[in-house]
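See structure below.
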Amino acid sequence: MSRVTVIGAGNVGTIAGMSLAASGRFDEVVLVDNAGGRAAGIALDITHSGPLLGFSTRVRGERTVAEAGASEYVIITAGRARTPGMGRADLVGVNAAIVGDLAAQVAQVSPGAVIVVVTNPVDEMTQHVQAVTGFPTERVIGMAGLLDSARFRALTALEAKVTNEEVSAIALGSHGDEMVLPLSQATIDGRPILDVLDADTVDGLVDRARNSGGEVVGLLGNGSAFVAPGTSAARMVLDMAGGFGRSAVAGETISATVAPSGQYGIDGGYVGLPVRLGPTGVAEIVELDLSDDELTQLRSAAAAIAERVSAM
Ligand SMILES: NC(=O)c1ccc[n+]([C@@H]2O[C@H](COP(=O)([O-])OP(=O)(O)OC[C@H]3O[C@@H](n4cnc5c(N)ncnc54)[C@H](O)[C@@H]3O)[C@@H](O)[C@H]2O)c1
């Protein structure tokens, strides 16, 4: 039986669980949350939507990782989310304890799983999960770049009055201030982005994408973005599991937080890079032809993450 487990049935976990259930790719989607009947309640609610959305995936809610059972893929969203005035880094202490404990349980229950880490600060949490589980780095991947890329593409499509499909771009580096959006790789309808939009407009779009998480936090007033984040996490799992939806392309290069071994001149640690995912995690770190300036920005992002990890 194929099973995916989503740990943390909060806002992000609910959307991820819903997307995975609706994909029909797995026999069972299990939500895990230690808050009372939350996971069971969300699981039942998602189950009720099956006849409406046309899926029959079994959706179960549990309080512990052990009750979920062995899974091929595990998404970790458990932990605190940002509230207005908080940066992602403010979450590091509390979330490292939660995520570390859960990761150790996942290693026991699902020793062969691929783990997608969502909990913030995601760059640091991904490295923490890899260290706690001892899994090969290919099987511990952070979700950030796919979301940041989608944010930039959506904002650019609105600005240029084109469809999302006509905008191609990839966000690398860190999830936050050190997000790197290489304009050498960004196109609108196949043309270099700077041939279509002026430089000031593009700079504004990059800044807005970089700060989109904070923009949503400010608007919500309570909690942080969850629709695009939950969708992104599910999409990464579906890319690996072959449950490709309408917008996914098999073997497509996407951005994810992964551990380079020399690619882009970066060795060790975790940072957002272009990858191709396969059934057992990272199949390949794709080496794009970046400009010298983009490479410098990427290496500084990796160095900044490494510094934060060593301070944890
Ligand atoms: N990587 C990204 O791009 C990205 C994007 C959005 C949100 N996030 C992060 O994802 C995390 C979840 O965000 P959210 O909006 O879903 O928050 P949320 O508060 O809605 O949900 C978190 C859930 O985790 C559960 N939880 C806490 N400790 C647990 C434990 N030990 N075992 C099981 N469940 C536990 C809580 O009960 C809660 O239901 C946050 O850290 C947030 O910052 C990351």
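These residue numbers are counts, starting from 1, taken along the chain as shown.
Placement of Cβ uses the backbone N, Cα and C atoms for every residue, glycine included.
Fair warning: this is a prediction, and the values are worked out from it, not measured in the lab.
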Listed in TrEMBL for the NAD(+) site shared with GLY8, ALA9, GLY10, ASN11, VAL12, GLY13, ASN95, VAL118, THR119, ASN120, one of ASP27, ASP33, ASP101: ASP33
CB contacts for VAL118 (NAD(+) binding site) [other CB atoms within 10 A, all chains]: 29
Mean per-residue pLDDT computed across the domain 'Lactate/malate dehydrogenase N-terminal' (3-142): 95
Cβ packing number for ASN120 (NAD(+) binding site), 10 Å threshold: 30
Tally of residues which DSSP labels helix, strand or coil - the domain 'Lactate/malate dehydrogenase N-terminal' (3-142): 69 helix, 26 strand, 45 coil
Residues close to substrate site centre defined by ARG82, ARG88, ASN120, ARG151, Cβ within 8 Å: PRO121, VAL122, HIS175, GLY176, GLY213, GLY214, VAL217, SER224, ALA225
